[in-house]
Amino acid sequence: MACLRFPVIPLNHTSPVSKSPRPQTHLIKPQDNEKHHQILYNSYFKHISSVCKEGKLQDAVNILFELESQDFEIGANVYGDLLQGCVYERNLSLGKQIHSRVIKKGESLVKNEYIETKLVVFYAKCDCLDVASSLFRRLDQKNVFSWAAIIGLYCRMGYLQNTLLGFCAMIENGFEADNFVVPNVLKACGGLSFIEFGKGVHGHVVKKGFEGCVFVASSLVDMYGKCGALEDARKVFDNMPERNVVTWNSMMVAYAQNGMHEEAIRVFHDMRTEGIQPTVVTMVTFLSASANLYALEEGKQGHAIAISTGLDSGNIMGTSLINLYSKSGLIEDAEKIFNKILNKDTVAWNLMISCYLHNNQIQKTINLCHKMLSQRLKFDSVTMTSITTSAGNTQNLKLGKSAHCHIIRTNLMSDVAVSSSLVDMYAKCNKIHDARTVFSLTGTKDLVLWNTLLAAYAEIGSSGEALNLFYKMQLEGVPPNTESWNSIILAFLKNGQVKEAMDSFSEMKSSGLEGSLVTYTILIFGLVQNGFVDQSISIFQEMQENGIKPNNISIVGVLSACKTRASLQLGRAIHGYVLRHEMDINVILATSLVDMYAKCGSIDYARKVFDMIVVKGLPLYNAMISGYALHGCAVEVIAVFRELQNDGFDPDEITFTSVLSVCRHCGLVNEGLGIFVDMIRKYGVKPSMEHFGCVASLLSKCGNDEVFQFVKCMRFEPDSHILGSLLESCRGTRTDTDTDIGTGTETNTDTDIETGTETNTDSVKYLMENLMKIDPGNSGNYVAVSNAYAGKGMWNEVSELRNLMREKGIKKSPGCSWIQIGKEVHVFVANDRSHSRTDEIYSTLALLRKEMLGNRDP
């Protein structure tokens with residue numbers, strides 16, 4: 001190693017290390033001279049040590065030069081102090097020069113244990129991994145300081161597994177890990193989510209009595225938080241005799257990182273109560289938790305605290321505030337914070353771009369992108385990922401393609417995160433072929449990219465393509481994770497392949513991977529949608545047995561199973577689970593509960609849940625209106641409909657479908673027609689076939705003329721429901737005089753919707769023919785035509801139609817009833833003798849019939 005000449009700076013004459021006086025003429029005894037020499041050397045050494053601690057490294061070097069000029073034998077302690085001074089200042093260049101001087105002094109100094117250790121510590125603290133590791137390996141005598149230095153270096157540089165291996169080797173070599181080593185080891189455990197290893201280190205901490213050290217305890221809180229073991233983190237936190245701001249921050253961050261944002265805010269409140277002054281980390285965590293909860297008031301209070309404590313300046317705080325106001329929809333406030341940041345970095349620009357994209361302000365996004373480029377800043381992978389992700393979420397293919405072009409021009413295609421976002425964008429824009437092309441052109445494919453394309457195929461139910469891709473990724477050496485299996489299961493369920501989905505679930509577990517909350521939620525929803533209601537409930541129970549706590553989404557899934565099965569008992573049990581575990585009943589969960597209770601026959605409970613929610617959304621109103629409509633409660637439907645309007649919500653297509661449906665069932669012709677007109681004129685909702693069907697059915701109660709005129713004016717070809725309504729109007733008309741649509745004159749015929757010339761009987765035949773074309777296998781259509789003939793006393797035609805049904809093998813689907821006793825549901829249809837206790841059931845029924853007939857008044 002080359003040795004650079006040290007510049008010489010004249011020393012102050014008053015310094016205790018000034019040059020020694022010129023030799024005196026009188027003789028000095030050799031022992032006195034040696035003693036004087038040692039005193040002078042010690043004085044020099046103390047001064048070197050002092051100026052090194054003060055950071056005056058050049059002064060220390062000058063003293064070294066002075067010592068050498070007077071032929072002092074420089075000891076290891078001097079070079080050690082100089083190296084330690086370089087550690088304090090992280091002065092790599094000067095430290096290397098001292099190292100070269102040590103080498104030139106010879107083997108005895110180079111192999112000195114003290115110097116060897118100091119060199120390892122110096123290079124480790126300066127993050128020179130290769131040099132430090134090389135020197136460490138060549139150490140003849142390793143000690144606790146060299147082990148601590150190399151373990152700390154591995155941890156800082158991100159070599160977390162090497163950190164743990166170094167810790168194990170240190171213990172095996174008989175050295176005790178102290179409270180300087182343990183925090184680095186715990187940090188590595190947290191980064192790798194090695195909770196079992198972390199618990200072992202925790203045991204070491206307790207054994208050595210380090211749990212009272214605030215730095216070690218804070219590291220334990222951080223480790224458990226990163227591993228998701230929040231109960232353990234809280235136990236350590238609560239048992240600490242002393243907490244500093246780092247400890248409080250660790251607890252807050254642990255909750256925030258695991259999605260428990262409310263708990264993070266509570267810790268912040270407790271911290272303020274204890275009088276602990278917040279740091280930037282504190283405020284950033286608090287603002288992030290507030291943003292994720294959309295807790296604007298709390299966020300604003302945090303902003304005020306940051307201002308009052310002088311923490312509101314700087315990019316980190318600025319970006320946190322932008323994130324808060326962006327997620328709260330306060331774009332102008334986010335812009336104000338952004339404009340106040342003096343030296344904006346790429347993170348600030350990216351957040352502001354994301355803010356505009358999140359609020360679908362595309363033009364402002366484009367303008368800000370141009371402004372960012374004008375500041376000579378380049379789009380990075382985060383910028384492009386944000387733009388492509390937003391383009392996919394809004395299905396803005398034009399924006400997505402523009403972003404793709406820029407990605408190609410700026411050579412960002414090699415970034416796997418960018419490629420993954422492009423694949424996702426094209427998939428969400430229904431361009432799966434383009435998504436596959438981007439995937440194929442990406443050189444290095446990581447697990448995230450494979451999973452992105454797998455998820456794209458799963459969403460469209462392309463189970464074959466998904467399975468081929470799943471096998472291909474394994475052939476290319478990429479082992480699937482739980483997310484990969486989730487996509488395969490979802491693809492099968494979307495394609496109706498329930499057996500294959502369940503087989504994949506079993507295979508995933510046999511491969512050593514456990515199902516996640518997402519896995520079980522996918523299964524619950526998929527099984528319900530495919531009609532396997534009981535199996536979905538079993539999956540929900542299995543999820544809890546495996547220690548996985550359901551969230552609101554999985555609860556919504558199992559509630560859909562309850563309403564499909566019409567199991568009020570199970571639905572109440574699920575509601576009870578929600579209340580016992582103090583789960584947040586948001587609008588989505590409340591909507592599902594209202595829907596479940598209504599469809600399980602308990603409209604009163606549905607109303608109670610509805611009234612519990614203070615801030616109601618349109619979906620919740622729709623669920624309540626639909627429930628009342630299902631129960632035929634017309635007055636209540638209209639009342640909730642008016643309440644919805646008074647709360648400032650505009651009804652949508654679903655709202656009007658429910659309201660018109662109840663008007664149809666209850667024969668509220670005037671109310672129904674008035675609401676239909678308001679739907680079009682006042683709210684601008686385009687009527688769908690379902691709306692037309694409701695009105696047609698409503699008008700069918702008024703006779704032929706009105707309904708035929710209405711159907712004639714429709715912009716759709718009538719479907720089977722509307723044709724059925726026309727048949728209903730024919731059924732109710734047995735007179736021989738009706739009004740012709742074309743002439744308005746009374747004739748002895750009914751009116752045909754196209755020509756107005758057919759007889760009433762021919763109209764029925766015409767409607768029957770069209771019904772058979774639209775839905776030939778629907779037994780309900782034959783029944784409707786049969787009822788229309790019967791209503792006119794045309795019994796021969798009724799008989800012919802029933803014969804036709806027998807010839808075609810079409811049977812009327814019988815209605816069924818069921819009753820739940822315990823956990824078992826018993827289903828009955830007319831003349832059903834399939835139940836295991838049929839004889840007992842019919843005997844009881846006969847006794848009831850006899851008793852009823854016996855009690856009949858004479």
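From the backbone N, Cα and C atoms, a Cβ is placed for every residue, glycine too.
Given the structure is predicted, the values throughout are model-derived calculations rather than measurements.
TrEMBL annotations:
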- 143-177: repeat 'PPR' (REPEAT)
- 244-278: repeat 'PPR' (REPEAT)
- 345-379: repeat 'PPR' (REPEAT)
- 446-480: repeat 'PPR' (REPEAT)
- 481-515: repeat 'PPR' (REPEAT)
- 516-550: repeat 'PPR' (REPEAT)
- 617-651: repeat 'PPR' (REPEAT)
- 652-687: repeat 'PPR' (REPEAT)
- 737-757: region 'Disordered' (REGION)
- 778-812: repeat 'PPR' (REPEAT)
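With DSSP states grouped into helix (H, G, I), strand (E, B) and coil, the repeat 'PPR' (345-379) comes out at 26 helix, 0 strand, 9 coil. Within the chain carrying the repeat 'PPR' (617-651), a Cβ under 8 angstroms from the stretch's Cβ atoms is held by residues 587-588, 590-592, 594-595, 597-599, 603, 606-607, 610, 658-659, 661-663, 665-666, 668, 671, 675, 679, 683, 685, all 6 or more beyond its ends. Remark: secondary structure over the repeat 'PPR' (244-278) totals 26 helix, 0 strand, 9 coil, with classes taken from DSSP. Packing against the repeat 'PPR' (516-550) from elsewhere in the chain are residues 482-483, 485-486, 489-490, 493-494, 496, 498, 501-502, 505, 508, 557-558, 560-561, 564-565, 570, 577, 581: each is 6 or more residues past its ends and has a CB under 8 Å from a CB in it. Per-residue confidence over the repeat 'PPR' (446-480) averages out at a pLDDT of 93. Same-chain residues lying 6+ beyond the ends of the repeat 'PPR' (143-177) with a Cβ under 8 Å from its Cβ atoms: 113, 116-117, 120-121, 124-125, 127, 129, 132-133, 136, 184-185, 187-189, 191-192, 194, 197, 201, 204, 208.
As a summary of secondary structure, the repeat 'PPR' (778-812) carries 27 helix, 0 strand, 8 coil according to DSSP. Remote same-chain partners of the repeat 'PPR' (446-480), defined as residues 6 or more beyond its termini with a Cβ less than 8 Å from a stretch Cβ, comprise 416-417, 419-420, 423-424, 427, 432, 435-436, 439, 486-488, 490-492, 494-495, 497, 500.
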